[in-house]
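Asker: What follows is a single structure, and I will ask about it in a moment.
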Amino acid sequence: MEANFVSSALAGVQNNRSVKRSLDRLKSLFSSGQHQLNGSLGKKVFILLALGGGAFSLVKFYKAKNEGSSKQSGLIIDLKDKNSKKDKKRNVTRVDAVFFRRLAKIIRIVIPSLKSKEFLSLLYLTALLFARTMLSVSIAEIAGKNAQNLVARKWKEMRNGVLKFALVSIPASFVNASLKYETDMLALRFRKRLSEYVHKEYLEGVNFYKASHLGGADRIDNADQRVTSDIEQFCNSMSSLYTTLFKPFLDLVLFTRKLVVVMGWGSPLLMFSYFIVSGFLKKLIMPPFGRLTAKQSELEGNYRTVHQRLITNAEEIAFYDGSRKERQIINLSFGDIYNHTGYVSYLKCLVGIFDGFLVKYCASIVGYGCMVLPIYTGIRGSSGKDSTELTKDYIRNTQLMVALSQAIGQLVLLGNKVTLMAGYTSRVSELLEMIKSIKERGTSQFTIVHEDDVPNPLTNSPVNDKYDTSVDMSSWLEDWRKRSDQTRIVKRQQSNRSSASGATTVYGGGTFVEGDFIKFENVSIVSPEGKLLVENLDFQVMPNQNVMITGPNGSGKSSLFRILGELWPLHCGTVIKPRKEDILFVPQKPYLVLGTLRDQIIYPHSHDDMKKLGVTDDDLQHLLATVDPNLTIIRQWNWDDTKDWFTALSGGQKQRIAMARLFYHRPQYAILDECTSAVSDEVEGKIYETCKKLGITLFTVSHRPQLRAYHDYVLLFNGRGGWEWSKIDHDDDHLKKPLSH
């Protein structure tokens, strides 16, 4: 049946005159070329490879080298300075001389010598690839002979052919499974070698500290992402790239050699010519997958970072009741990943459609032409063969042509994987280059920058002329207090519609009661480990009565505030306190949210929340000016500037930001945990004066005696479960009326 189909197809083609004339011209071309090719078979194969596979590789690498003109939108939440020239330079990911130089350096790390396990594994993988190609050629020969015997009804030969196929399938199965295993193991060995090298260099001395704190221009983002995920992806990509490159090239050599023997050089040349044209067409539409891959890794690193920040600053965020804001940040970060991944998947889909049409289906059409032309032209005696011989040649040549077209197609698609690998190579190389730069710099001293050499932010600021310094701050603070009181009244009215005032909540073994003051009645503070920190605590704080809390480390000072913030359950007793939004915690190391300068002041509010409250940027400037008299912050940055504020701000500026945040929210009670240690005595005094004007009652954790002037009571923990409550006599500057337990 197969032979009849082939004969009918050829007869139909020959009956069409127009097609026949075209085939006659091709026949003369093929015949002349066949007689002119008198050199060795190796020379013929070399010419075909030079015209075919080499051209495809050049096309793809030329495409990759000149990619990068496309632009991709950046992060909604950027964890580094977008204006950094260093970052802009790093974001360029191309397959160029820099890529090959970086790749060569990494290869010398993962394959240190010819005697290494990695190189031996590479040799074994090469042998498996060669064996697989030879087995494919054998299977094609067996399939062709089996088809011939089937058409000729030679059942004995057919049985022997099936037996040969079964015998060949045994080593073929072993080779196929071993190829997958060795590819994975090679990637794993690469990762082990590269990870150990990075660990050695990154953790040598204090390089890890310098990388995150003293890196300067060499500091990079998401070092943890690069050390873990990016190294893994790079090693997987490099291992896969070797098999993707070597096997198609080997198939190209062996299958072309076999096809030239049985079909002549015309059909392979036609196939090569088609793929050259399709390669140039593909070059025109190929997106910059290398840069998109690097962007994907960056977004994944940012997503991991926001989760790490949540874990690291969990207590501060809980005190601020910032879960809603953090959820928005995390959702935005994941949204960036979702949008970018969807965009990349869409591009891959379009490229896949183009690849499927050109590389698979159109290549099959060209392959059919390659199969028909040798038979029609009579090359290699095809015209004199009977139907069984034609069937054998058809089946065998079909399998060889399919394998050859797949090999060429893989070489055409090789550029995709190279550009993807370029993204991971860039990420890993930046990490290695940063470590090398830090080691070369060693312990060299910092360069002194004189004030005359840099622009003065106080005179070159975009908001320098916008801030009105003539405002009477006392009057403005009084007005701010009235506005805050009105806002609090509205919020309470809205809240009371859904819950009764003075609500009682049983939490753990004790009871929380809502009130306008703070009172502890027979409260024992127990740590999560079961340690009794404070026993039977009993005191009361009315509005405008500031309390100073002292005691040794681990005595229960911070634990008291965890009880107030309802982070810990009550072991026993009763706590009367205002609503959670009326108590604000200011830690020693302020929490700085991902976002703009404005977000640092209004956290956990959003910009829309701020507008709904009727607060303007001018109000924020006045609040910040109360703790930053020299206006160093508001004159150096705009409110919409986005930076890594943890590194951009000094210790004193961070504490000023935290106090401005306190004044913005203006709670009834505030807990200050050594939060003024980095500001001057003058600014510190102004902070306490402002709190008094705004009607904020303070709990201050501090051991500095000079702060007693701003407080009315002292709560002392002795570290053994005992405590002492005393009133401060400001006339004699000492404590009186102690109440101990």
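Glycine too: its Cβ is placed from the backbone N, Cα and C atoms.
As the structure is a computational prediction, the values presented were derived from the model and not from experiment.
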Asker: Of 92-112, 260-280, which range does Swiss-Prot call transmembrane segment?
Answerer: 260-280
Asker: Neighbourhood of the ATP site (Gly551, Pro552, Asn553, Gly554, Ser555, Gly556, Lys557, Ser558): other residues with Cβ within 8 Å of the Cβ centroid, in order?
Answerer: Leu533, Ser559, Phe717, Gly719
Asker: Gly551, Pro552, Gly556: which of these binding-site residues has the highest Cβ count within 10 Å of its own Cβ?
Answerer: Gly556
Asker: Tally every other Cβ atom lying within 10 Å of the Cβ atom of Lys557 (ATP binding site).
Answerer: 23
Asker: Find, among the binding-site residues listed as Asn553, Ser555, Ser558, the one whose Cβ has the highest number of other Cβ atoms within 10 Å in the structure shown.
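Answerer: Of the binding-site residues Asn553, Ser555, Ser558, the most buried by Cβ count within 10 Å is Ser555.
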Asker: If one looks at the chain holding Gly554 (ATP binding site), which residues at least 6 apart in sequence have a CB under 8 angstroms from its CB?
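Answerer: The list for Gly554 (ATP binding site) reads Leu533, Gly719, given in order along the sequence.
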Asker: Going by DSSP, is Ser558 (ATP binding site) sitting in a helix, a strand, or coil?
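Answerer: Looking at the DSSP assignment, Ser558 (ATP binding site) belongs to a helix.
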